[in-house]
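Only one structure is covered here, and it is reproduced in the block below.
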Amino acid sequence: MAATIYYENDADLSHLKGKKVAILGYGSQGHAQAQNLRDSGCEVIIGQRPGSANYDLAVSHGFEPMSIAEATKAADVINVLLPDEVQADIYRDSIRDNLSEGNVLMCSHGFNIHFGQIDPPKGIDTLLVAPKGPGHLVRSEYEKGGGVPALIALGEGASETTKQIGLAYAKGIGGTRGGVIETTFAEETETDLFGEQVVLCGGVSELVKAGFDTLVEAGYQPEMAYFECMHELKLIVDLLYEGGLSYMRYSISNTAEYGDYVTGPRIITDETKAEMKKVLEEIQQGEFARKWISENRAGAPFFKATRRRERLHGVEQIGLGLRRMMNWIDEKEV
């Protein structure tokens, strides 16, 4: 079934006229969406904790940030753009009791609403508008007259009026210039988590480390292993980004393409796909969400320890030195 996609003519900014939009959290998505909405003529207020770098950033962008509670109370449309792991507590402490009937509660990732960590009271519609790109790209494309495609989803029982508000919001941030795909909270949340865990983050990280370790353990120089298993990944990803698998294969050597066909299926096997299906089931059934919520309530000991350990892996250590040889890279360290 073909996706339903909305464009500029399908959305009307007048549905936000006379409404105050609160952006809660002035991070990557918050700063981009807030500025784009303001430039589109919408009335925007910012909820951000005083004393933080993002508070100062909002001030430098011409906003007058207030507390989360104050921004919620003052707004008609409230978009929660805070980190997933803190949303539920902040919702209970500062948002829930400051909502008024008829408000629209928004997010750009459905984790907390889909998994029941945020359960709005009766009379509050929920809405998701999710740009499919990082905040800096959402902002820069808007400024150039373009827009990053986005997703839109309505919560259970949400009205047609809320849908029109969502489309207006998407237009205000530039989404309808690229196209806004209709989805559901479940689909956005579950596919997002699956992609992160199986391919984009978990899958790629483990593939890179395993490839690097295999070469080093076989006696090859770690510098060579880094180039072949980490550094050159960007070249391939850029080709995929621009033209998909076919363009990538068109652009590489015939030797590399042949190796792709004969060796790829030996690495990603039927057993791998079966494990992917298990991961998807765990996401769908809420098992991953329960683990992540429990981890954070305990102070995130596993998460923090694993983060520290992963930074000591050989591919990370050798990369620090090699990237300093590449003056065209805007090197980042954490």
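Cβ atoms here come from the backbone N, Cα and C positions, even for glycine.
With Y26, G27, S28, Q29, R49, S52, D84, E85, V86, Q87 listed by Swiss-Prot as binding NADP(+), the candidate from G123, G133, G135 annotated for that site turns out to be G135. Residues within less than 8 Å, Cβ to Cβ, of H109 (active site) and separated from it by at least 6 positions along the same chain comprise D84, L128, A130, E188, T189, D192.
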